[in-house]
Amino acid sequence: MHTPKHAIRRMSKGEMEFFEGRCQRMGEAKRTMWGTKWCGSGNEAINYTDLGYFSNLDSCCRTHDHCDSIPAGETKYGLTNEGKYTMMNCKCESAFEKCLRDVRGILEGKAAAAVRKTYFDLYGNGCFNVKCPSGARSARSEECTNGMATYTGETGYGAWAINKLNG
């Protein structure tokens, strides 16, 4: 197959860098839901206070992104995450679901419902609960210094299938 000469044009280094950057940003944008900077895989935010058009929904996702978790392949609280996705603390999952349900507005409410349905019903990776033995809390922060976690199991068909097929 031949490319017609009229379709080929030399670009300056600056033009090329502009288009490369644009393509890279588009790739990132496809990982988050439209109108948000935090809802999806990764985030597009410049800093912690940077929220998208759907700021209430985005705030839910941002809080969830900064919650207690165990990344795929890592161990924390004596529990190894053998799945393909990050495993979240069940308290974080409950707070995230409540936050999504509390989002109001015609468009933003529908967007929050879509995130909730996708994340909990389809993705549904399950979560972990941490039990802290008595006397194992830090006096300063009330944080559990020697907790043990248990996994709840997948709740969504998508996570179950991916973890089983790739496991």
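Glycine is treated like the rest: Cβ placed from N, Cα and C.
Among the features that Swiss-Prot reports, active site is placed at His64. Look at His64 (active site): DSSP puts it in a helix. For His64 (active site), the count of additional Cβ atoms within 10 Å of its Cβ stands at 21 [all protein chains shown].
According to Swiss-Prot, the Ca(2+) binding site annotation covers Trp38, Gly40, Gly42, Asp65, on the basis of similarity to another entry.
Reduced to three states, the DSSP call for Cys39 (disulfide bond) is coil. The disulfide bond annotation in Swiss-Prot covers Cys39-Cys61 (among others) and is backed by a curator's inference.
For Cys99 (disulfide bond), the same-chain residues that are 6 or more apart in sequence and have a Cβ closer than 8 Å to its Cβ are Ser59, Cys60, Thr63, His64. Among the features that Swiss-Prot reports, disulfide bond is placed at Cys60-Cys99 (among others).
Listed in sequence order, the residues of the same chain lying 6 or more apart from Cys92 (disulfide bond) and placing their CB within less than 8 Å of its CB are His64, Cys67, Asp68, Ser69, Cys127. According to Swiss-Prot, the feature disulfide bond maps to Cys67-Cys92 (among others).
The disulfide bond feature in Swiss-Prot is assigned to Cys90-Cys127 (among others). Long-range Cβ contacts of Cys90 (disulfide bond) within its own chain (separation 6+, distance under 8 Å): Cys127, Phe128, Asn129, Thr152.
Residues or ranges marked as N-linked glycosylation site in Swiss-Prot: Asn47. The Cβ of Asn47 (N-linked glycosylation site) lies under 8 Å from the Cβ of no residue that sits 6+ residues away along the same chain.
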Cβ-based neighbourhood (8 Å from the centroid) of the Ca(2+) site, residues Trp38, Gly40, Gly42, Asp65 excluded: Arg31, Thr32, Thr36, Lys37, Cys39, Ser41, Asn43, Glu44, Ala45, Cys61, Arg62
How big is the gap, in Å, between the Cα of Gly42 (Ca(2+) binding site) and that of Cys61 (disulfide bond), rounded to a whole number? 10
Asp65 (Ca(2+) binding site) to Cys39 (disulfide bond) - Cα separation in whole Å: 9
Give the residue from the binding-site residues Gly40, Gly42 that has the most other Cβ atoms within 10 Å of its Cβ, counting over every protein chain displayed. Gly40
